[in-house]
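Trainee: Quick one: the structure is below, and I'll ask about it shortly.
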Amino acid sequence: VVWLLVLSLAWLCPALGVEEKEREVVAEEEEEEVLSDELEEEDDVLVLHEHNFARALSEHQLLLVEFYAPWCGHCQRLAPNFAQAATTLRNESNLVRLGKVDATAQTALASEFGITSYPTLKLFRDGNRTNPVDYTGRMDAEGIVRWMQRRAGPSATLLQDTDTAAAFVSSQDLVVVGFFKDLGGEAAQVFLEVASEMVDMPFGMAAEEQLFQVYGLSADTVCLFKKFDEGRTDFPVDPTRGLDTAELTQLLRIHSMKLVMEFSSETSNQIFGVKIPHHMILFLNKSSSDQLALQDGFRAAAGTFRGKVLFVVVDVTGYGAEVLPFFGMTPADAPTLRLVKMENNRKYQMEQDSFSDTAIRSFIQAVLDGKVKPHLLSAEPPEDWDKRPVKVLVGKTFEQVAFDETKNVFVKFYAPWCSHCQAMAAAWEELGERYKDHEDIVIAELDSTANELENITISGFPTLHYFPAGPGRKMVEYKSARDVETFSKFLENGGTLPEEPLVVSKSPENSTGEPSTLGVDESRDEL
């Protein structure tokens, strides 16, 4: 028997050795496959990882890389547009390509390029991986293509004679032409920088003296030609200051917009992207000829505030119907006017709507001068609002509850559609049950989509604030775990957690001061 065992082992051991060697060979082959620098593609997009990244940079003069996470909804929505742009650009040139990196798997690359959110797009030029350029264009196929094309070729067309210049100026609704005596000068270089970023309109350059004369110019000037409103806007170059990139960009964005914009799916990005601090809005029903006529006075007032106030018309029966709840309005409220301060979404309303240009100008100036109080939304309080374990606050009852000097009030500011709010709803109800019999502790909630507060701005959901008893209108923002036990510990410790002290701020009085602005974190839905 022993002999048979020895023979068996004699046969078995070599076999095991062979099998082990085969496994090692397979492992080596798999390792070689992983370590390969071959460039594979999906829908014309290069699939990049740490082993082929350098090769991709060396083979493509311009490489736009998307760093994504497979679970990211924004990345999933971008994917078809990114692929479509990749196909378009590949058909145009071999020098310009698009690639993608799964940043959750390729952590070394994500760390190297400081990727902290998804999707993040970076442009690599001439194989340089040290200083990639952040993508600043639109997140659609056309926007990506335009952005890359502007960087692949000259950002501005050189105009050398009157016929070429005339054809260029009339080629599109919006055209920018920089007239410079010295195309190599500093002002011209700033102009080219602006042109490389503003890809939604064509840029041209001219230095010929004849062209200066034809267009009535004697010194360096940037001209915006447009087939609407005043037709042309000139921005002379200050001989001392020269041109500033940010300033010229903002001027071109402001003056490239119509004096009065109509809110639509095509214009919404432009309206909110221009960063004009106030929006004056005329809500009307476009099916009513009487209401359409109100646009005349509205337009007449617009020129006075260009760059400070953007004038927008919203059709309450069309695309604009979607924004009515934000103003607490229905289509029956039209025609009416509202002014919005974009910094904090404060809304201002005339005491009585008057649609003359004089009345509109006076109202806007009064708001800008701080002489008009904001119009604050408030729902009606439920009949049993204070009988429930969680008290239901509205705009008109908030002050008396939150700043009751005999109570410690813990308030959840939420939005009905917010997934994070929904996830913590049960915990908040349980907290209310736990403290419903405490004389000095109130657990409450306020729907911030239907109620506004004069001195507290809510910018993300949920936001949790603790208002301690006593004088001074103190306010503590809670930023810790959202579970009942941590909430309770916070309350029992008088509005603080030993391991994470919270910053106490003084809420300004109603009559004066700027409203406090709250930050947004990853566990909240941004407003």
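Using the three backbone atoms N, Cα and C, a Cβ is placed for every residue, glycine included.
As the structure is a computational prediction, the values presented were derived from the model and not from experiment.
Pulled these from TrEMBL:
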DISULFID  Cys72-Cys75  disulfide bond
DISULFID  Cys418-Cys421  disulfide bond
DOMAIN    7-153  domain 'Thioredoxin'
DOMAIN    349-496  domain 'Thioredoxin'
REGION    492-527  region 'Disordered'
SIGNAL    1-17  signal peptide
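Could you place these features in context, so I can see how deep they sit and what lies close by?
Mentor: Cβ-based neighbour count (10 Å, all protein chains) for Cys75 (disulfide bond) stands at 20.
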Trainee: Would you count the other CB atoms within 10 A of the CB of Cys418 (disulfide bond), including those on all shown protein chains?
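Mentor: For Cys418 (disulfide bond), the 10 Å Cβ neighbour count is 20.
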Trainee: Taking the Cβ of Cys421 (disulfide bond) as the centre, count every other Cβ atom within 10 Å, in any protein chain shown.
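Mentor: So the number of other Cβ atoms within 10 Å of Cys421 (disulfide bond) is 23.
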Trainee: Would you mind checking how many other C-beta atoms are within 10 angstroms of the C-beta on Cys72 (disulfide bond)?
Mentor: 15
Trainee: What is the three-state DSSP composition of the domain 'Thioredoxin' (7-153), stated as helix, strand and coil residue counts?
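Mentor: Its residues divide into 73 helix, 29 strand, 45 coil.
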